[in-house]
Amino acid sequence: MEKKWKYCAVYYIIQIHFVKGVWEKTVNTEENVYATLGSDVNLTCQTQTVGFFVQMQWSKVTNKIDLIAVYHPQYGFYCAYGRPCESLVTFTETPENGSKWTLHLRNMSCSVSGRYECMLVLYPEGIQTKIYNLLIQTHVTADEWNSNHTIEIEINQTLEIPCFQNSSSKISSEFTYAWSVENSSTDSWVLLSKGIKEDNGTQETLISQNHLISNSTLLKDRVKLGTDYRLHLSPVQIFDDGRKFSCHIRVGPNKILRSSTTVKVFAKPEIPVIVENNSTDVLVERRFTCLLKNVFPKANITWFIDGSFLHDEKEGIYITNEERKGKDGFLELKSVLTRVHSNKPAQSDNLTIWCMALSPVPGNKVWNISSEKITFLLGSEISSTDPPLSVTESTLDTQPSPASSVSPARYPATSSVTLVDVSALRPNTTPQPSNSSMTTRGFNYPWTSSGTDTKKSVSRIPSETYSSSPSGAGSTLHDNVFTSTARAFSEVPTTANGSTKTNHVHITGIVVNKPKDGMSWPVIVAALLFCCMILFGLGVRKWCQYQKEIMERPPPFKPPPPPIKYTCIQEPNESDLPYHEMETL
């Protein structure tokens with residue numbers, strides 16, 4: 001009985017100290033919070049205790065105290081009016097025996113404004129209370145700072161987009177940030193990440209990109225939030241071209257920083273492939289095709305004959321351009337050059353033709369890639385191809401244009417692919433229509449004349465547009481639909497004084513000469529095939545006759561079998577023993 005009274009006395013003493021410690025100290029603080037209509041607000045109160053937590057609650061103070069939510073370490077959460085507590089309040093334990101009690105208010109309206117009280121019951125500190133005056137701003141104009149940027153990057157690389165864009169001096173130690181991406185199909189924005197930067201340096205991510213764009217196949221598993229609130233996109237794809245990412249920073253109730261970044265994607269194309277199409281009569285018409293694959297954005301294909309850029313509209317040469325867009329976003333360009341034979345005398349017996357692709361790359365430059373060269377003789381079927389040109393990257397220096405009385409001669413056989421700075425070049429051709437896209441280029445054309453041995457180096461800066469033209473038919477393909485544009489060009493240009501040009505390109509390959517009797521190669525091939533068929537038929541007939549002779553021959557002679565030898569069995573005599581007696585022996 002005495003032990004029971006001792007335990008009761010100790011229990012009551014502890015309860016008295018507990019109640020005394022709880023009501024010993026009360027801390028009250030008050031803070032004003034400003035919010036705009038339709039925004040989300042998070043009210044947070046945090047503290048650290050020496051002992052343990054007893055209870056935490058949120059209430060709205062009007063004429064009376066309306067309970068919103070209660071948290072007890074043993075019994076858990078309770079929210080009034082049957083509202084779900086998962087989206088309304090959160091309790092987070094912080095290091096060093098601390099805690100954070102947050103109330104989430106979504107889609108702010110005038111009815112939500114008022115006084116909100118956060119009460120923390122601690123032992124042995126006592127009761128701590130913090131009151132928020134939530135005010136709704138309806139006609140307050142925020143001080144916005146907007147900045148727009150463009151980042152150029154090649155495909156399959158990692159894109160890093162800073163949020164502040166050199167404006168860190170305008171940002172305080174505590175702010176709210178959010179990353180979003182523009183949805184071009186619906187003309188809306190999709191939230192990627194949202195968080196809060198506290199005064200003590202901690203960062204809290206409220207919404208991560210995994211929860212909002214998990215169903216998006218274009219940005220899934222490619223967006224991450226790095227240090228200094230930078231957004232990382234890896235790897236970059238063709239479909240990211242033109243995509244706009246925006247970072248919103250709210251420093252205070254009246255100050256918003258907004259930075260938008262537009263992505264521009266580039267892809268280096270493959271080396272263009274030039275082939276000569278089969279024609280029924282090469283003496284009347286010759287056709288060449290230049291194919292460029294895996295290019296983005298759109299590139300330009302230009303043609304050269306004996307080093308002369310085809311830009312003058314004359315009779316004899318026609319060019320048709322086609323564009324195709326694949327499912328992967330890459331473009332495939334095709335240019336067909338048709339040369340019609342002219343009765344005018346030519347300055348040279350052979351011509352060398354090739355194509356060049358001019359594709360834009362980051363840094364306001366152009367990537368020039370030349371195909372192999374095809375050389376053919378005029379008035380015959382002889383044609384050959386040179387090996388592909390070497391590929392180099394360099395800066396192109398421009399020189400004054402030559403006089404109008406001198407036209408450029410053949411391109412050297414050891415030309416190179418050059419990276420041209422578009423910003424340093426100026427076109428010297430006629431202006432293009434307003435709806436055409438212009439690409440300027442610079443080339444060096446060495447030429448020689450029969451009257452002098454001096455070699456001059458001249459720079460031409462031709463400019464060509466393939467998007468639209470008053471004299472040609474436009475061509476664009478989307479979703480595997482082909483359209484084309486056609487342009488007419490001239491024969492090979494010559495010098496004004498009629499000087500003879502020398503071609504230093506060596507002809508290699510297989511040469512097929514035309515027979516003297518005028519018989520074309522299809523007739524020869526048909527005759528050879530006919531002879532082969534006759535020989536094959538004769539062979540089959542001979543084999544059938546041989547098989548028939550074998551079947552009609554008489555069977556071979558077989559000798560008769562040898563005679564059968566018969567033996568005589570003698571009957572037993574009376575003197576012989578019977579069988580059963582012989583058996584007993």
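In case you wondered, yes, glycine gets a Cβ from its N, Cα and C as well.
Since we're looking at a predicted model, the values are computed, not measured.
What Swiss-Prot lists as disulfide bond is Cys45-Cys118 (among others), and the listing cites a curator's inference. Cβ-based neighbour count (10 Å, all protein chains) for Cys45 (disulfide bond) stands at 23.
The feature disulfide bond is assigned by Swiss-Prot to Cys163-Cys247 (among others). When Cβ atoms from all protein chains are considered, those within 10 Å of Cys247 (disulfide bond) total 24, not counting its own. In this structure, Cys247 (disulfide bond) is part of a beta strand by DSSP.
Non-local neighbourhood of Cys355 (disulfide bond): Pro272, Ile274, Phe288, Cys290, Ile301, Thr302, Trp303, Phe304, Ser335, Leu337, Ser370, Ser371, each in the same chain, at least six residues away, with C-beta under 8 Å from its C-beta. Classification of Cys355 (disulfide bond) by DSSP places it within a strand. Under the heading disulfide bond, Swiss-Prot lists Cys290-Cys355 (among others).
Per Swiss-Prot, the feature N-linked glycosylation site maps to Asn42 (among others). Around the Cβ of Asn42 (N-linked glycosylation site), the number of neighbouring Cβ atoms within 10 Å comes to 15.
Marked as N-linked glycosylation site by Swiss-Prot: Asn97 (among others). Remark: Asn97 (N-linked glycosylation site) has Gln48, Thr49, Val50 as non-local neighbours, by Cβ distance under 8 Å and separation of at least 6 in sequence. DSSP classifies Asn97 (N-linked glycosylation site) as coil under the three-state reduction.
Summarising the annotation, Swiss-Prot assigns N-linked glycosylation site to Asn107 (among others) and lists sequence analysis as the type of evidence. Following the DSSP three-state reduction, the secondary structure of Asn107 (N-linked glycosylation site) is coil. Around Asn107 (N-linked glycosylation site), the C-beta neighbours below 8 angstroms that are at least 6 residues distant in the chain are Gly38, Asp40.
As annotated by Swiss-Prot, N-linked glycosylation site applies to Asn148 (among others), with the evidence given as sequence analysis. Sequence-distant neighbours of Asn148 (N-linked glycosylation site) (same chain, 6+ apart, CB under 8 A from its CB) are Ser260, Thr261, Thr262.
Within the same chain, residues at least six positions away from Asn156 (N-linked glycosylation site) with a Cβ under 8 Å of its Cβ are Pro235, Val236. Classification of Asn156 (N-linked glycosylation site) by DSSP places it in coil, neither helical nor stranded. What Swiss-Prot lists as N-linked glycosylation site is Asn156 (among others), and the listing cites sequence analysis.
Annotation comment: Swiss-Prot describes Asn200 (among others) as N-linked glycosylation site, evidence class sequence analysis.
Residues annotated as N-linked glycosylation site in Swiss-Prot: Asn215 (among others).
Secondary structure from DSSP puts Asn277 (N-linked glycosylation site) in coil. Residues annotated as N-linked glycosylation site in Swiss-Prot: Asn277 (among others).
Taking a C-beta cut-off of under 8 angstroms and a sequence separation of 6 or more, Asn278 (N-linked glycosylation site) has no same-chain neighbours. Feature annotation from Swiss-Prot assigns N-linked glycosylation site to Asn278 (among others).
Under the heading N-linked glycosylation site, Swiss-Prot lists Asn300 (among others).
Annotation note: Asn350 (N-linked glycosylation site) sits in a strand segment as assigned by DSSP. Per Swiss-Prot, N-linked glycosylation site is recorded for Asn350 (among others).
As annotated by Swiss-Prot, N-linked glycosylation site applies to Asn368 (among others), with the evidence given as sequence analysis. Classification of Asn368 (N-linked glycosylation site) by DSSP places it within a strand.
For 385-475, the entry in Swiss-Prot reads region 'Disordered'.
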- Going by Cα-Cα distance, pick out whichever of the recorded positions Asn42, Cys45, Asn277, Asn350 is nearest to Cys163 (disulfide bond). Asn42
- To the nearest whole angstrom, state the Cα distance for the pair Cys118 (disulfide bond) and Asn368 (N-linked glycosylation site). 68
- Task: Provide, as an integer number of angstrom, the distance between the C-alpha atoms of Asn300 (N-linked glycosylation site) and Cys45 (disulfide bond).
- Result: 62
- Of all the recorded positions given, namely Cys247, Asn277, Asn368, which is spatially nearest to Cys45 (disulfide bond) at the Cα level? Cys247
- Pop the Cα-Cα gap between Cys247 (disulfide bond) and Asn368 (N-linked glycosylation site) into the table, whole Å please. 37
- If you measure from the Cα of Asn277 (N-linked glycosylation site), which of the recorded positions Asn42, Cys247, Asn350 is the nearest? Asn350
- Note on the structure: As a whole number of Å, the Cα atom of Asn350 (N-linked glycosylation site) is distant from the Cα atom of Cys247 (disulfide bond) by 62
- Item | Across the topological domain 'Cytoplasmic' (541-585), average pLDDT on the 0 to 100 scale | 74
